[in-house]
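For reference, the structure discussed in these notes is given below.
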Amino acid sequence: MLRIVPPKEIQGEVIAPPSKSYTHRGYFLSLLADEKSIVERPLISDDTLATIDAIRAFGADLIEEVVYPPEELRPNYIFARDSGTTARISIIVSSLAKGVSVIDGREQLRRRPMEDGVSSLRMIGVEAIGKRLPVKVFGRGRISAKEVSIVAEKSSQFATGFLILAAKIGLKVEIVKPVSKPYIEMTLKTMEEFGVKYDKAQENERLVIFVDPGVKGTKFKVPGDYSSAANFLVAGALYGKIRVRNLMRDDVQADKEILNILREYGAKVKVKDEYVEVESNERNPLNVDCSNFPDLFPLLAVLAAYAEGKSVIRGRQLRIKESDRIHAMAVNLSRAGIRVRELSDGLEIWGGQPKGFRGKTFNDHRITMALAILALGAKGESIIPETKSIAKSYPNFFEDLMRVIK
């Protein structure tokens with residue numbers, strides 16, 4: 001249990017942790033590379049440990065930051081913990097392991113949909129069973145198919161899985177109704193780091209990517225994480241001034257969009273090569289569709305709770321993340337005395353002065369961190385009964401938070 005009393009001042013500097021999304025991609029591409037790779041400064045969290053376990057199960061050796069890929073992937077039991085990225089990429093990559101692989105996870109992950117990836121595996125001649133975890137894949141070892149189509153309106157993670165598979169075998173990947181497009185761009189950017197060549201074209205609601213085979217062993221330095229840094233950037237926009245280092249100015253991460261949103265909110269945003277700095281100023285209401293950056297939704301709801309007016313925050317896949325994030329934030333904002341109306345795809349939020357509250361995290365790391373940021377400016381003491389969920393993506397979050405509380 002964590003008790004938060006609003007501090008007198010919020011100001012300081014933190015270093016953004018390594019990116020979870022890039023860490024996943026770097027490890028899976030290292031698994032399929034032609035020789036050893038170095039994944040430099042990876043994020044170590046529950047989700048990325050699941051990916052480390054997965055690539056080892058497929059036959060890779062990992063010694064400190066060096067990944068030695070196997071000559072051939074071996075079929076195995078993959079336990080993805082609560083990591084949707086680990087599970088979905090493993091389902092696709094296991095098609096290269098000749099034999100039966102089973103991909104499973106914890107109860108929370110077992111509730112998330114897997115049928116789109118399973119259906120697309122069948123298109124390339126790979127039998128797979130399961131609409132949700134556990135999923136059983138009957139790997140072929142060698143795949144002769146030349147193209148695949150994946151519906152990505154619920155998640156871009158299977159699209160990433162097929163792009164990583166394509167980097168190994170060569171494949172035309174058609175992504176239908178892609179949601180979270182920046183995550184696909186992040187996958188392509190990481191593939192480039194591993195020497196993968198590709199061409200892409202946009203055709204109406206389809207993104208078509210022609211990927212040449214060949215993943216080269218490389219030294220891949222994991223960039224800082226805009227998703228985790230967003231917690232502190234939002235805190236700066238609301239309460240004081242915070243500087244975050246280790247963020248790439250030209251990154252394609254989806255959650256880099258937080259910088260544009262904070263400018264719209266009225267905050268002072270300074271972007272340099274060495275850091276990003278955000279200082280509080282105005283608190284304008286927001287109207288945002290976060291379908292391309294769903295992990296920002298809880299923090300955008302926090303911004304809206306303090307805004308001067310009515311905000312609308314929407315996103316297509318918000319109900320099928322680690323929790324139903326729309327409902328989760330509606331519950332918590334209501335407990336903080338903020339008027340909120342739940343929509344099918346988002347929230348209407350009438351901003352004001354949140355009061356101290358007893359939060360409910362729904363065992364969702366993003367909700368937990370957002371509630372901590374919400375509590376910093378609330379009128380009175382707030383209680384967050386569960387904080388273990390942050391281990392999924394940002395184990396040192398509360399230690400870093402203490403650096404900016406005066």
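The backbone N, Cα and C atoms fix where each Cβ goes, and this holds for glycine too.
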Q: Report the candidate from Arg56, Arg325, Arg335, Arg339 that shares the phosphoenolpyruvate site with Lys20, Gly84, Arg112, Gln157, Arg366, Lys392, as recorded in Swiss-Prot.
A: Arg325
Q. What subset of the binding-site residues Lys20, Arg25, Ser156, Asp295 lies within 10 angstroms of Arg366 (phosphoenolpyruvate binding site) at the C-alpha level?
A. Asp295
Q: Take the C-alpha atoms of Arg112 (phosphoenolpyruvate binding site) and Asp295 (3-phosphoshikimate binding site) and report the distance between them in angstrom, rounded.
A: 16
Q.
Give me the count of other Cβ atoms within 10 A of the Cβ belonging to Lys392 (phosphoenolpyruvate binding site).
A. 24
**Q.** 10 Å Cα neighbourhood of Gly84 (phosphoenolpyruvate binding site): matching binding-site residues from Lys20, Arg25, Asp295, Lys321
**A.** Lys321
Q) About how far apart, in whole Å, are the alpha carbons (Cα) of Lys392 (phosphoenolpyruvate binding site) and Lys20 (3-phosphoshikimate binding site)? A) 9
Q. Just the number: how many Å between the Cα atoms of Arg25 (3-phosphoshikimate binding site) and Gln157 (phosphoenolpyruvate binding site)?
A. 11
Q: Take the C-alpha atoms of Lys321 (3-phosphoshikimate binding site) and Gln157 (phosphoenolpyruvate binding site) and report the distance between them in angstrom, rounded.
A: 12
